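Colleague: What TrEMBL records for this protein is below:
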| type | residues | note |
| --- | --- | --- |
| DOMAIN | A:66-254 | domain 'ABC transmembrane type-1' |
| TRANSMEM | A:12-35 | transmembrane segment |
| TRANSMEM | A:70-92 | transmembrane segment |
| TRANSMEM | A:104-128 | transmembrane segment |
| TRANSMEM | A:134-158 | transmembrane segment |
| TRANSMEM | A:179-203 | transmembrane segment |
| TRANSMEM | A:236-258 | transmembrane segment |
Amino acid sequence: MRSASGLGWHLIRGWALLVYVFMFLPVAVVVLLSFNASQFGSFPMTGLSFRWFVELAENEAILRAFETSIVLGLLTSIISTTLGVLASLALVRYRVPGANAISTLLIAPILVPEVVLAVALLLFLNFLGIHKSFALLLFGHVIFTLPFVILVVQARLVGIKREVEEAALSLGANPVQTFFQITLPLMLPAVLAGALFAFTISFDDITGTLFWKPGGVETIPTQIFAMLRNSISPEINALGTVMIVMTVGLPLLGVAVARRLAQRSGG
Amino acid sequence: MSSVVLKNIVKRFGSYTAVHPSDLEIQEGDFVTLLGPSGCGKTTTLRMIAGLLDPSEGEILIGGKRVNDVPIHKRNLGIVFQNYALFPHKTVADNVAFGLKYRNVSKDEIARRVEEALNLVQLPHVGGRYPKELSGGQQQRIALARAIVIEPDVLLLDEPLSALDANLREDMRVELKRIQHQIGVTTVFVTHDQSEALAMSDRIVVMSGGRIEQVGTPEEVYNRPRSEFVANFLGASNILDGVCRERGAETATLEVPLFGTVPVPQDKAAGISDGPAKLVLRAEKLTLMDARADITGMIAADATVETVDYQGQTVRYFVRAGDRSFQAINMINERPFPEGSAVKIAFRSQDCAALPG
């Protein structure tokens, strides 16, 4: 009986391990090959080298794409977080007519396939006679990062008792002081998490970006996509490694910071 | 310190009326309890005084000034909430100091007054800790310190003891009363617990269904209930339909089934007239006696014990007499009467009250 269930668990464990290996092996290979000295982005490895990272740093197009991605990500993050916090406050703390409908509408972009959203926005703006621009790209990114910010911030805000704010008001703080002294510090972990979400999602995005970007503007993902069409350069491996460090490392760092903040605030 | 006056106050939520037109005067320095079951409008009333809710009609005066249009942060009130509502991201000292920061108090003065307030609630050494490091009872003391350190005109307590466990609740009850006495602040206390209300209040406002049922000292509302609701909410009562035959200078004579004629002291029979009347028999004043016991000076009837609810020091009996059931809460000397035994239920006429029928 015991050995049978023991065997069952071993099988499940082994299976789970295989699934993870299947998913992460390619990523590991990319990271590994980015340090390959050979000029072909494939095995066998001929030696350890940073040359592809150096070439990456000297590639004008990639640097421009990198800059675009960072600026786009930061702006998306700032705008999305600001809007998301305001929307969450309105939905959770005030009685807004049609709050449910508004909430659904704001969350909807997560549910709609991104391609559909991308095409729809493009067609709509075409119909209005507005041309593709960086602002449009930013607008698109804000639309589909906003739900993530709202979901995270709203969940936190619901957990902040209204009485805590009422107590601050009763002690003489006006509503604005109460927000900055009480509400914002208490929801800061969620705000930071939302901002990070928005940044990484924007930084990672390719589907919407391909539709919305004006000619000549490339982000990192679209740049990789374009490079792949010509050849598989080892530079792509190096770029992939940089992307992994940014999109995995940054949220992990964020979570660590948020956890420390939360610990301090008893949240 | 200020008086609080509610003039014809009404609160409606959509088509639902939470508080029907009500008047209330709270004297300076008084400890007044709003008592009633959930949904009776007591918390709504408190929140209107606090400025957390706008009254639909009527006026609220604090210290003689109309405050309807004064926002909460300018009312200078101390509020203690049921769930403490301490600021989790601030230390205890910062929590207590919070209100002083908005009152142009110097840094030294803030430190001094925070220390004083923490001493008053008997927690002088916890200033550097965070609220979650304290027990529930300690957190509630800090919440109280935070509310009184600003020297509020009125102290509002919204069921501050109900989140505490039973023993602690009784300690805090004494503590709260001591502190209120010491600083003498006008206090409005909301609770659904009748023993809290009786133990702590100068005056009790009994509420039901959004209306004020009775206002009086604990002794008044307990001994001289003005309505069936009050008689039943403050302890259990047996209410008998009867007829008032005669009203003399000292007693009003009621005729009730089972017991016959009962002379009720006049001061406990206010507002009744000849004709239908109700006799209020408190469960604690109805004594079970052996069927053959001497009942001189008491009014009695034969009964059978139906249910015995043993509570250690006391016992709650449900007995049947005639065609109705009575509730009696008695002290126990030895052992309670067993279920099914034949007994006498007896009471003294001066322990009764009468209500209009």
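Each Cβ is built from the backbone N, Cα and C atoms, and glycine gets one as well.
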Colleague: Checking distant contacts: for the transmembrane segment (A:179-203), what same-chain residues at least six beyond its ends satisfy Cβ-Cβ under 8 A?
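Modeller: Counting only partners 6 or more residues beyond its ends, the transmembrane segment (A:179-203) has Cβ contacts under 8 Å with 69-70, 72-74, 76-78, 80-81, 84-85, 89, 141, 144-146, 148-150, 152-153, 155-157, 160, 164-165, 168, 173, 219-220, 243, 246-247, 250-251, 254-255, 257-259, 261-262, 265, 267.
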Colleague: Cβ under 8 Å to the transmembrane segment (A:70-92), counting only same-chain residues 6 or more beyond its ends: which ones?
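Modeller: Sequence-remote neighbours of the transmembrane segment (A:70-92) are 99, 102-103, 106, 134, 137-138, 141-142, 145-146, 148-150, 153-154, 157-158, 183, 187, 191, 194-196, 198-200, 202-203, 219.
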Colleague: I'd like to know if the transmembrane segment (A:134-158) touches the transmembrane segment (A:12-35) in this structure, counting it as a touch only when three or more C-beta pairs sit under 8 Å and are separated by 6 or more positions.
Modeller: no
Colleague: Give the nonlocal contacts of the transmembrane segment (A:236-258) in its own chain as ranges (CB under 8 Å, at least six residues past its ends).
Modeller: 27, 30-31, 33-34, 36, 41, 52-53, 55-56, 62, 188-190, 192-193, 196-197, 199-200, 203-204, 220, 223-224, 227-228
